[in-house]
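J.: What TrEMBL records for this protein is below:
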type     : residues : note
TRANSMEM : 25-49    : transmembrane segment
TRANSMEM : 55-74    : transmembrane segment
TRANSMEM : 101-126  : transmembrane segment
TRANSMEM : 138-157  : transmembrane segment
TRANSMEM : 164-184  : transmembrane segment
TRANSMEM : 204-223  : transmembrane segment
TRANSMEM : 235-260  : transmembrane segment
TRANSMEM : 266-288  : transmembrane segment
TRANSMEM : 314-333  : transmembrane segment
TRANSMEM : 339-361  : transmembrane segment
TRANSMEM : 373-393  : transmembrane segment
TRANSMEM : 399-422  : transmembrane segment
Amino acid sequence: MSKNNSDAIERYALEAVPQSDRQPWFTIALIWIGTMICVPGLMIGGALITGLTVMQAFWAGVIGYSIVVFYMSFQGMQAADLGRPTVSLASSSFGETGSRVVISFVLGIATLGWFGVQTNLCGVAFSNILASWLGINLPVWISSLIWGVIMLTTAIYGFNALKYLNYIAVPSLIILSLYGTFISLSTYGSDILFSYQPPQPFPFIQGVALAVGTFAVGGVIAGDYSRYAVGRKDAILSSVLGVLPAGVGMLVMGGVMAVVAGTYDITVILANLGVPLIGLIVLILATWTTNTVNAYSGGLAITNMFNLGDSNRALATGIAGALGTLLAIAGIIDYFINYLLVLTSAIPAVAGVMIADYWIVKKGDASKWNKVPGVNWVGIISWLLGVVAGNVIKVGVGPLSGIVVSLVAYIILHSLVAYIILHSFVAKEEQSNKS
């Protein structure tokens, strides 16, 4: 690799990002906007509209994403304080070994697994559009391989590559998404929106839960990007303005298009209206900006899991991402989707433990943060309780239940352990004085 390429690759993986390399809030916000503008976001809008009215779907999105942004901001502020990614920050609340063996495994396998799944979906859509528009029959595995390599290369280069990608992609995606919505309404009409009644009504709280679930993992890994924030204010602004407008906007667009055009998928609508090139551009940019985040965060987790050090982040990201892509194009990864869903459901509770450790036990004081050698069993047990709660409690919002339970459990268990240690110390002192 040439020296210029080596210099362009991100230098920071697990160690702190110095203040000289920090970025303004809008740079990080653009990464989140690029993540939120995606076909799955439209899909959730289409799912919401099957059970809620248009306005109910809107408010479900607002409330759901606000919940994510709330805990995401705490994750982001801690990262801004310490300049470290999520898996490194977790070495306090879970212990260094716990963070490497448990948390990094869950985050790394889940994010890189979904990278493979999304890459394959992109390949399928790309081949379909080429076949219908240009009559070119490009095998899906070749399409998936091409876009997998492109997206993975962006993740290998790191934060700056993500930054510049989103400088270009986000304005384009906003314009094209608005155009797609406008042309849909112009072609199919908007009268139905005012009289629309959902065919299969479900409780409003279920809609909120759907919205939360869409980006629950993103809120946990916020530190991977907010570590570049200048300070706490920038971390909060990037989370709020990067997630809420774009996230809610995509849900509404997906819902509106599902009502008026019969499908949430903007790429299909644009292809049906005779402008498949625009649909193809939206598909590629939306998948690229979203999926690169999966590969980047997955690479950080793998680097921590194998204790590889900052200099090997790019290599770890490349190997792990390539494996995910190969499994995807071979069709093997489809058999692991259920396992990926289970791993993904275990991630939100991580935030509860980390928030309790840094913001409640340590009072948000960066000077009190430290890597705990070995395993912090208080964190591991609290996390497991949160995972169980998030999957077992059927009332309310599952990911939120997991976060709250793990947070409360950590506070109680930490206080209990501290009391036992103090009581044991006092007893030993009294015994020593008697002797």
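For all residues, glycine too, the Cβ spot is worked out from N, Cα and C.
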J.: If contact means at least 3 Cβ pairs within less than 8 Å, sequence distance 6 or more, would you call the transmembrane segment (399-422) and the transmembrane segment (204-223) in contact?
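T.: By the criterion, they touch.
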J.: At least three Cβ pairs under 8 Å linking the transmembrane segment (235-260) and the transmembrane segment (138-157), pairs spaced 6 or more in sequence?
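T.: No, the stretches stay apart by this measure.
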J.: Is the number of Cβ-Cβ pairs under 8 Å between the transmembrane segment (314-333) and the transmembrane segment (101-126) three or more, considering only pairs separated by 6 or more positions?
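T.: Answer yes: the transmembrane segment (314-333) meets the transmembrane segment (101-126) with 3 or more Cβ pairs below 8 Å.
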J.: Under 8 angstroms, Cβ to Cβ: which one of 25-49, 164-184, 266-288, 339-361 has the largest number of such pairs with the transmembrane segment (101-126)?
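T.: Between the stretches 25-49, 164-184, 266-288, 339-361, 339-361 has the largest tally.
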J.: What stretch of 25-49, 266-288, 339-361 shows the most Cβ pairs under 8 Å to the transmembrane segment (164-184)?
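T.: Comparing 25-49, 266-288, 339-361 against the transmembrane segment (164-184), the winner is 266-288.
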J.: Six or more residues out from either end of the transmembrane segment (25-49), which same-chain residues have a Cβ under 8 Å from its Cβ atoms?
T.: 56-57, 60-61, 121, 162-163, 165-167, 169-170, 173-174, 177, 196, 198, 207, 210-211, 214-215, 218, 225-226, 228-230, 233-235, 237-239, 241-243, 245-247, 250-259, 263-267, 283, 286-287, 289-290, 293
